[in-house]
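One structure is given below, encoded as structure tokens.
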Amino acid sequence: MKSSPVIGLVGNPNAGKSSLFNQLTGLRQKTGNFPGVTVDKKSGPWAIDEQTTATVVDFPGIYSIYPKSLDEQIVTDVLANSNHPDYPDVTIVVIDASNLHRNLLLFTQVIDLGVPVVLALNMLDVAKDEGKEVNAVRLAMQFQVPVVRINARTGEGLEPLKKAVLSQLRQPSFAEKLFFDPEKSANGVIADTKTQYQLSNNYLALQYVVQHDGFSFLNTQQRVGLDAIIDKHNFNETKFLASETIDRYRHIGPIVDDVVTDRRPANQRTWTQRLDRILLHPVWGYAIFLLILLLIFQTIFAWAQPFMDGIDAGVAWLNGQLKESLPVGPLSDLLTDGILAGIGGILVFIPQIAFLFLLVALLEESGYMSRVMLIMDRLMRPFGLNGRSVVPLISGVACAVPAIMATRSIGTRRDRLITILVTPLMSCSARLPIYTILIALVVPSQRVWGIFNVQGLALMALYLLGLVSALLAALVLKLVLKAKERSYYIMELPTFKLPRWNHVALTVWESVRAFVWEAGRVILAISIVLWVLASYGPGDAMDKAEANVRQQNTSLGNDELQNQIASERLEKSYAGVFGHFIEPVIRPLGYDWKIGIALLSSFAAREVFVGTMSTIYSIGSSDDETGVTIRERLRQERNPETGGPMYTPALAWSLLIFYVFAMMCMSTLAATQRETKSWKWPAVQLVYMMTLAYVAAFATYQFMK
Amino acid sequence: MNKRSVADLKTGERATIQSFTDETMSLKLLEMGCLPGAQVYLSAKAPLGDPICLNVAGYVLAMRRAEAATILIDND
């Protein structure tokens with residue numbers, strides 16, 4: 001027996017596969033990629049006994065081993081290739097006991113591939129509620145495989161599962177004969193494939209024949225060889241697969257009759273059906289969806305605020321303490337103005353991101369998200385999108401990178417490409433910091449109709465602007481891109497469930513960690529580089545500027561003098577030189593060279609903008625003025641030409657609009673490149689979004705000033 | 001008279017699947033449990049009458065009208 005075996009988890013969507021995975025691995029799980037492809041791979045360690053720690057791999061949920069989307073392809077690609085590093089030594093097939101027919105279809109396919117399996121019979125409680133009793137012993141006898149009763153939500157049955165997996169590892173047992181033997185009806189094709197590719201399993205040979213284009217382990221020559229076999233025997237794949245499915249169901253029927261005692265009263269109305277009558281209602285359906293969206297934005301803005309203020313104050317206090325206790329010098333400046341200002345800029349957004357992911361996870365978990373896809377499909381279709389595009393678009397509100405990855409469930413290529421291209425227009429959480437600060441600066445904090453905060457409404461308007469532009473962009477793309485295949489939309493509507501809280505907590509934890517760690521590192525690095533660029537300048541230009549100020553302004557008070565010196569020094573620094581260099585381009589949008597620095601530095605990641613502003617403005621202010629937040633500093637900033645506040649509504653809105661449209665995120669472009677496998681589409685995305693941003697910001701500023 | 005399809009069902013109406021008019025689509029539908037001879041009933045329609053929700057073998061499948069039209073039915 002191997003000391004570090006691989007255990008695969010396979011099953012229908014919604015059968016409880018992910019719950020079981022969380023039960024087995026808990027917080028030790030990690031997300032990565034399957035080698036060679038960009039399909040998310042969740043894996044984690046599972047201690048089976050004292051000597052053996054297995055790696056559990058959670059495969060994407062599938063209905064059959066014939067894939068309908070890119071994500072699903074990986075399952076057969078691994079299961080048909082015993083040399084694959086993720087090839088499971090034992091495969092646990094998770095079965096939803098309340099829906100045996102359809103779940104057993106996949107199960108019989110997996111056993112026919114010749115992998116040692118354990119059948120984990122899940123959701124027996126749901127079956128029982130529906131009046132169905134499933135006999136696990138009979139099921140085991142029917143298939144000659146180990147069957148374990150589990151409850152993936154509560155973690156019941158994990159010990160027996162361990163024992164079953166362990167005995168399959170020690171002494172793998174297989175079903176004696178194929179459940180469906182393709183040789184009977186596709187004789188020549190199977191025989192030829194077996195001899196030509198040295199296969200012993202008839203069903204595996206069938207997979208070579210019908211799936212070879214999706215098998216990464218076959219080379220071009222081998223694929224051509226298989227095409228030749230198909231041609232030689234005039235083999236009709238679609239017909240054959242349809243008859244395979246019908247044949248399997250024909251044999252599954254009597255088995256289910258044997259193992260299930262059904263006492264279900266006919267026509268009972270479940271509470272899922274009752275809820276659906278309201279949630280899919282022509283009026284109430286949309287009204288409730290809108291209300292939920294509104295609630296999400298109110299939460300992000302209003303409920304997260306106290307937590308954010310707390311973090312803000314904490315960082316400012318720490319900064320003040322450090323400045324007082326540390327000796328004056330460039331190193332302590334770097335620590336306080338560079339690093340701490342940068343870190344503060346990251347930490348402060350944790351509450352909003354946590355709330356956002358919490359709510360999205362709750363909608364997803366409860367089953368409501370599927371209803372949203374359903375009621376939105378008809379509305380999305382005219383835009384070249386479909387109901388499944390709604391999930392990427394809504395996740396895009398959190399982050400475009402996972403959202404673009406979520407488009408893999410969209411089966412049609414054109415719909416998927418359009419969704420990828422427009423998703424970054426949805427305002428992601430990285431834009432939230434920019435929105436929050438600028439809105440707080442120019443929109444009064446009042447209430448209308450007693451409940452809605454005006455700032456919250458302004459925020460929602462920006463998000464809506466993102467949504468509307470995403471739809472319009474999709475419409476344009478639909479006219480440009482021609483459809484190559486037909487779009488289809490068949491999906492299971494899950495019943496409503498109470499959210500699994502450990503699931504929700506894990507999702508929130510993962511996303512916050514990813515934000516702090518992934519985005520945080522970039523922000524921190526850029527903050528430090530920026531501090532250096534802003535603190536040092538070419539030659540002695542900065543010292544000369546300081547001497548100049550001292551000479552000309554002998555009458556000024558100490559504070560004012562220090563401020564004047566600091567801002568003159570910044571202007572002559574490397575960062576200042578950069579800012580001045582691009583000022584002519586951004587002047588028509590209302591921006592000065594300081595904002596220019598922030599724009600440039602946020603080119604790789606837009607969330608850097610706020611960190612940069614903090615760094616720039618804390619450098620540009622006198623040192624004894626501690627504990628003042630970035631928002632206050634922006635408010636105090638004067639326009640040198642007019643003498644009024646620098647951040648007028650026109651400027652703030654121009655910046656806001658710019659960031660709604662601008663494609664300032666390297667990670668998103670990289671994700672688009674990966675998912676479309678071409679450099680053309682990220683280039684298209686970058687150009688169209690930047691053009692849109694510049695034109696819209698220009699119009700906004702010129703119109704409002 | 002033309003054959004009726006699932007797309008012609010009214011909400012709450014029952015029928016038995018008879019055959020499919022589209023081979024590629026039938027593969028997907030078969031795997032999801034829409035077998036010839038299976039009892040189905042239309043449990044709900046999305047607000048604009050499309051997509052529809054079809055009860056098959058104890059669970060609900062959402063599909064577009066165009067897809068539902070490829071499933072021919074016998075009335076019960």
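Each Cβ is built from the backbone N, Cα and C atoms, and glycine gets one as well.
Database features (TrEMBL):
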type	residues	note
DOMAIN	A:4-171	domain 'FeoB-type G'
BINDING	A:11-18, A:36-40, A:58-61, A:122-125	GTP binding site
BINDING	A:Asn22	Mg(2+) 1 binding site
BINDING	A:Thr25, A:Gly26	Mg(2+) 2 binding site
TRANSMEM	A:283-304	transmembrane segment
TRANSMEM	A:339-363	transmembrane segment
TRANSMEM	A:417-441	transmembrane segment
TRANSMEM	A:461-481	transmembrane segment
TRANSMEM	A:515-534	transmembrane segment
TRANSMEM	A:650-671	transmembrane segment
TRANSMEM	A:683-704	transmembrane segment
Quick tally over A:283-304, A:339-363, A:515-534, A:650-671, A:683-704 of CB pairs under 8 Å to the transmembrane segment (A:417-441) gives the top stretch as A:650-671
Long-range neighbours only, meaning 6 or more apart in sequence with Cβ under 8 Å: which ones does A:Pro60 (GTP binding site) have? A:Val39, A:Asp40, A:Asp71, A:Glu72, A:Ile74, A:Val75
Among the binding-site residues listed as A:Asn22, A:Thr25, A:Gly26, the Cα nearest the Cα of A:Gly11 (GTP binding site) belongs to A:Asn22
Counting across all protein chains shown, how many other Cβ atoms sit within 10 Å of the Cβ of A:Gly26 (Mg(2+) 2 binding site)? 13
Residues near A:Lys17 (GTP binding site) in space but at least six apart in sequence (CB under 8 A): A:Leu9, A:Val10, A:Gly11, A:Asp58, A:Phe59, A:Gly61, A:Val94, A:Ala152
Mean pLDDT for the domain 'FeoB-type G' (A:4-171), as a whole number? 89
In the three-state scheme derived from DSSP, which category covers A:Thr25 (Mg(2+) 2 binding site)? helix
State the residues, same chain only, that lie 6 or more residues beyond the ends of the transmembrane segment (A:515-534) and have a CB under 8 A from a CB inside it; answer 'none' if no residue qualifies. 333-334, 337-339, 341-343, 345-347, 349-350, 353, 399, 429-430, 570, 573-576, 578, 597, 601, 604-605, 607-608, 611-612, 615-616, 619, 667
Residue numbers, six or more beyond the limits of the transmembrane segment (A:283-304), whose CB comes under 8 Å of its CB atoms: 351-352, 354-356, 359, 363, 368, 371-372, 375, 432, 436, 452-453, 455-456, 459-460, 463
Do me a favour and check the Cα-Cα span between A:Asn22 (Mg(2+) 1 binding site) and A:Asn14 (GTP binding site); whole Å is fine. 14
Between A:Thr25 (Mg(2+) 2 binding site) and A:Asn14 (GTP binding site), what C-alpha distance do you get in Å? 19
Between A:Asn14 (GTP binding site) and A:Gly26 (Mg(2+) 2 binding site), what C-alpha distance do you get in Å? 19
Near the transmembrane segment (A:339-363) in space but 6 or more residues beyond its ends, with Cβ under 8 Å, are 292, 295-296, 299-300, 303-304, 307-308, 311-312, 315-316, 318-319, 322, 369, 372, 394-395, 397-398, 429, 432-433, 436, 499, 503-504, 507-508, 511-512, 515-516, 519-520, 523-524, 526-528, 531, 607, 610-611, 614-615, 618, 630
